[in-house]
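To start, the structure itself, in structure tokens.
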Amino acid sequence: MSGAGAARGTRQRSPEKALAEETRFGTFPLLRRERMWSGLDFTWVSSSLAIATWAFIVGGSTALLVGFRDGTIAMIIGNAIGLCFMVLASTAASQRYGSEQYTLLRGAFGVVGVGILVFTVILITEMGWSSLLAVMAGRAASQITGEVTGAELSQYGPLVTVCALAAIVLAWLILSRGPVLIGRLNAIVAPGLALIVGAMMVFLVMNTSWDALSAASPLAPFEDPTLNFMMAVEFNVGVGVSWYPVMGSLARMTRSRKAAMWPAFGGLFVATILAQAVGLASALTLGDSDPTVWMVPFGGAVLGVGVLAFIAFANVTSMASIVYSTVLAIRQSSGRFLVRLPWKWLSALFFVLPGIMAFFPQFMYEQFMTFVTYSGAFLTAVCGVALADYFVLRRQRLDLRELHLAQRGRLYAYRGGINIAGLGAVALGAVFYVWLYDPITLETQAAFAYVTASLPAAVLAAVAYLVLTAVLYPRRPRVPAGHADAGGAPAGRGA
Amino acid sequence: MSAGPGESHAARGADFIAAMTGAGMERPVAEELERRIRIVEEDEAGDEARQPLSGRELGGYVLVTVAICGLSALAVIL
């Protein structure tokens, strides 16, 4: 963390080591020559993240409520809405300033407030996704073992736990080697998964039929078809928003605004829809979205086992990718406590909860939809506040020095390091979301059938943030000195 | 005589480094951070990549999403 409070706890390091660590862990704003990703590069990165195997489970969960046609449309609408505001909230400021997103959020939440968000919403969300990936890798490995040995193994048996734990250890080893290795592995895994997803769709249609797929009924719908459709949309909004914790740290690597915004949206959108459609189709026709269950019977022993092995490995690299960004955020938001810990130990700490969850694989699969929707409730509210802060309150103008000074500065210092307006608005938005649509009881208000829960929750959080800021901090300057609005000369085009 | 812009920027940078080192950050790290911020805010301030999103870009982006949702909703209705 580059904040003053955090820096106090840093151990004495050699100047060279200190500089190398700060560069590696992403604290410094990136300069022109360091921002190397073109639009195509970022599209590839986004697609490789989206096409990970969790997409199968999302498609399968959508099949509980709607059939193939409605399900595909619900996935398109839901992901489009979720990605639209998630991408703007996470990439716009990061791309402009070349800085990771959690430092840029200090104006909206305060330096301690960002830490609170990272250690609650962000950490729980990413631990949940990591647990799911580990269990899925474990199921793939268990299926391979069953095929090779001829033994009948349970889908949620002890071998799944053992293999999930092995996957976590492998992900930790990759993570320990740093982002370069993660990038290299993703460059192999992403195209491989794209090929596999295409082949799976062909397999599904060949082994069933297009008519059967189109006519297949949803697996466990409610009586009201409109409600089923809107719940499917809402679930997919949550999936789109769930990329928020990692996208800003990636977008700062891009060369231009166009290279950040459209590839983040398009890459995630297209790849997600394709992979989810396979999960949706397989769940509707075969009764199970998880390819670890049906790939061997369909693909045969050799092809099936090969594909499963690749899926297991892909889950490990996906885990390493998302955990890298999250551990980076944890390190930078932890103040003086965790900055002393070596990277390896910090990333090992992250995996403790996913390791525990590996002992409950069935729970992870069955509670998946609730988890995604609940994390969506908070992340949409965070996005609403981030958008209101950057686009409305700050008019896209931030002061990097003040952001790094945090409590020692003037613009972004708050009592106790917490911007009450930001955290209060997030709480309000999340509560409003759960009132509109309770992910546990599945009770909904009438308005949910027309406007979903995410969109109004994000809007409410944004409006609440602006109102609370006007009431609680009426005299505080919004933009850096020297800009037109602050009484000085304008800086840069449209600034 | 008042200080020129160069001097005022230098003074601001010096204050920033002093504040960060005073908070415990290693001096080379604080100096590198200040160097980068200065480049972002001054040397690269005119770069196309450092400009804010224009209303047109934002509008186009939101419109694409609205169009995707609208066409999809139409497909459901029809």
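Including glycine, each Cβ sits where the backbone N, Cα and C put it.
Just so you know, TrEMBL annotations are computer predictions that nobody has curated.
Database features, via TrEMBL:
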- A:42-66: transmembrane segment (TRANSMEM)
- A:72-92: transmembrane segment (TRANSMEM)
- A:104-124: transmembrane segment (TRANSMEM)
- A:156-175: transmembrane segment (TRANSMEM)
- A:187-206: transmembrane segment (TRANSMEM)
- A:226-247: transmembrane segment (TRANSMEM)
- A:259-281: transmembrane segment (TRANSMEM)
- A:301-324: transmembrane segment (TRANSMEM)
- A:345-365: transmembrane segment (TRANSMEM)
- A:371-392: transmembrane segment (TRANSMEM)
- A:412-435: transmembrane segment (TRANSMEM)
- A:447-468: transmembrane segment (TRANSMEM)
Long-range Cβ contacts under 8 Å made by the transmembrane segment (A:371-392), restricted to residues 6 or more beyond its ends, are 58, 61, 82, 85-86, 88-90, 92-93, 104-105, 107-109, 117, 121, 124-125, 128, 234-235, 237-239, 241-242, 244-245, 398, 422, 425-430, 433-434, 437, 439, 453-455, 457-463, 465-466
What residues in the same chain, six or more past the boundaries of the transmembrane segment (A:72-92), come closer than 8 Å to it by Cβ-Cβ distance? 58-59, 62, 65-66, 101, 229, 232-244, 247-248, 251, 257, 260-261, 264-265, 268-269, 272-273, 276-277, 280, 376, 379-380, 382-384, 386-387, 390-391, 396, 452, 454-455, 458
Long-range CB partners for the transmembrane segment (A:447-468) (under 8 A, at least six residues beyond its ends), listed in sequence order, are 81-82, 85, 108, 226-227, 230, 233-234, 237-238, 241, 376-377, 380-385, 387-389, 392-393, 420-422, 424-426, 428-430, 432-433, 436-437
Report the listed stretch (A:42-66, A:104-124, A:259-281, A:301-324) having the maximum count of Cβ pairs within less than 8 Å of the transmembrane segment (A:226-247). A:42-66
